[in-house]
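Asker: Encoded as structure tokens, here's the structure I'll be asking about.
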Amino acid sequence: MNVSSSSRQSLGTLLPKIVVAPTFVVTLVFIYGFMLWNAWLSFSSSRMLPKYDWAGFIQYEKLFANDRWWVAAQNLLVFGGLFIVICLLVGLFLAIFLDQKIRAEGAIRTIYLYPMALSFIVTGTVWKWILNPELGIQRMVREMGFESFSFDWLVNADMAIYTVVLAGVWQSSGFVMALCLAGLRGVDENVVKAARVDGASMPLIYRRIIIPGLGPVFFSALIVLTHIAIKSFDLIVALTGGGPGYATDVPATFMYTYSFTRGQIGLGSAASMMMLMAVVAIIVPYLYSELRERKQ
Amino acid sequence: MRISKIGLSVALALGLSMSAQAADVEVLHYWTSGGEAKSVAELKKMLEEKGHGWKDFAVAGGGGESAMTVLKSRVVSGNPPAAAQIKGPSIQEWGEEGVLANIDSVAKAEGWDALLPSVVSDVMKYNGEYVAVPVNVHRVNWMWANPEVFRKAGATVPTTWDEFFVAADKIKAAGMTAVAHGGQPWQDATTFESVVLGVGGAEFYNQAFVKLDPEAIKSPTMIKALNTFRKIKAYTDEGAPGRDWNLATAMVIKGEAGMQFMGDWAKGEFTAAGKKPGADYICAAAPGTSNAYTFNIDSFVMFDLDNKELEEGQNDLASTILSPEFQEVFNLNKGSVPARLNLSMSKFDDCAKLSSVDFVSSSIDKTLVPSMAHGMSTFSAVQGAISDAVTEFYNNDSVTAEAAADKMVNAIAAAQ
């Protein structure tokens, strides 16, 4: 009696663990295990095929001496920074405008959110055509009679990275809008009414009361956008192919090129370790603050 | 009627699965486009006539990049295919991994050394023994021209780089694009290697791109080649960056552009558009390179398998690939020329005949050089390093030729 009840109890506590175990193992092996494997490769002399020797920091030294890596890293900063800031701003304003109890809000909301349903490959391809000077906007405006009009960002090595920002913002700002809209809907109407009674103007109410209240929403959006930016690969491949030259290379395309087409797996692994570190640098403070809040 | 159809399909399925149970020769390749797929079907048929099953392992995309990624994972997991399409110095890289099968016995029996130019057979050997068999020879230093455009502009097809710029100026002045270019790094490198060959000659080309001699790369000849290369940019159109090579070929076909620098796979586009060589388009060696030849050779490498039953299949496959019948039918479809010397070229078009004649004469004159842009002259890491420096120089006007040459030297050293 005593035994069976204790065994039933232990089954009750064990069952959830048993159910979760396969997922846990899979995550452990296929995410953290492979991260460690990659770290090992980045310290090896691997070229075409993986090799398990110890080569010290030579791959990192090579990486930091590589011009193309610094172009890629700089592009990530430019793209990531602009992409995140513009997405947040555009998303916030769209949400505020949509929140004015306008007609057909549902339809408009869907229209703005819809790009999110496309893959980055589709977005990239469409924008490639729109921005191509011989096919898209430039040609259209010139055919309208403005012969000297020029819009060649896509083919200009100095400006091409901004076209990636443009396409990325087009795709992702709807997502920020949806998050912000949900946040705005959660704001207590009475607070707004009270502020209006006190004579505050709407812009002031937004600036001082509503937007500061959206802090957690911005934070979630920031985390999601940041890792979209760091992982960005498909958008670049479809839109610019990393070009002109390698002017729009980012760490992800750099890593792929070196690991898989140039037979320099060690160098590619070192590059992906650097990307991992960038993600860790953002996620760890976030987790830390989350956990600390929970303790309090 | 219906039943008999079902019966037939069941019988077929049974037959297929039975032939799949006999040891099949699994062949990894990336020939999936129209003409290429036809050629592969031909190879399959010939191999089956010799009594071997064929297991097709086609991986499309990226000029073989995807195929190589799949191949690596198969080899690492200890399960390589019987044969795979690998070319150039990569064969040596695979040889060093110790995973290749030796087909020297077939080669000796059939006397391959006499059938192939030594430049080609060297690529096919690892440690002096054959591990690979060549399928075809592509010439890379071609210039494809539209005679109608040249006639309208009053220009003549150039044979030197000086003449090239005269002709290009005329075409530009007549309101057409002089050079149809696709601004992707490999296409930049394809054009660049033709310029280097034209400006510096075959010996210099070898010194720079095969021996990777820093002195040669920093020499005034290379600076001149770099500056000539960049000068071409002024004669391309604004839509060039990122354009696929076949779209650039289409510009020449449609008469929107005068010329394109591209290997002889471009001929397939002209043929598909119903154009005739000589009349509708001109194939000429890139300026200054008519006596030289940059080759890009596709080949099949045999892997060392646990299943020794397949050895015979591998040997027969190698022998079939180099047979005159296959070399002819394959290259007619692909637009390239046979790797095997002394074959009758009577069924081929004029461009292929010229290519074949130049192939033989350049191999005698020692002006037959491996294509850098297509990974025939160096390992892929070095090729990538050169290509990076070249494409950055071409696309970024603030980089001087001297700086680009220095970068090339440093990047090559770092990649080795």
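From the backbone N, Cα and C atoms, a Cβ is placed for every residue, glycine too.
Pulled these features from TrEMBL for this protein:
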TRANSMEM  A:18-40  transmembrane segment
DOMAIN    A:73-288  domain 'ABC transmembrane type-1'
TRANSMEM  A:76-98  transmembrane segment
TRANSMEM  A:110-130  transmembrane segment
TRANSMEM  A:159-184  transmembrane segment
TRANSMEM  A:205-230  transmembrane segment
TRANSMEM  A:265-288  transmembrane segment
Asker: Are there residues at least six beyond either end of the transmembrane segment (A:76-98) with Cβ under 8 Å to its Cβ atoms? List them, or say none.
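Answerer: For the transmembrane segment (A:76-98), the list is 105, 108-109, 112, 161-162, 164-165, 168-169, 172-181, 183-184, 206, 211, 214, 218, 221-222, 225-226, 228-230, 232, 250-251, 278.
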Asker: Near the transmembrane segment (A:159-184), which same-chain residues lie under 8 Å Cβ to Cβ, leaving out any that are not at least 6 residues past its ends?
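Answerer: Distant Cβ neighbours of the transmembrane segment (A:159-184) are 75, 78-79, 82-83, 86-88, 90-92, 94-96, 98-99, 109, 112-116, 118, 120, 123-124, 127, 131, 152-153, 210, 213-214, 216-217, 220-221, 224-225, 228-229, 232, 235-236, 239-240, 243-244, 247-248.
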Asker: Counting only pairs at least 6 apart in sequence, do the transmembrane segment (A:18-40) and the transmembrane segment (A:265-288) share 3+ Cβ pairs under 8 Å?
Answerer: yes
Asker: In terms of Cβ proximity under 8 Å, which residues at least six beyond the ends of the transmembrane segment (A:110-130) contact it?
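Answerer: That would be 94, 98, 136-137, 154, 163, 166-167, 170-175, 177-178, 232, 234-240.
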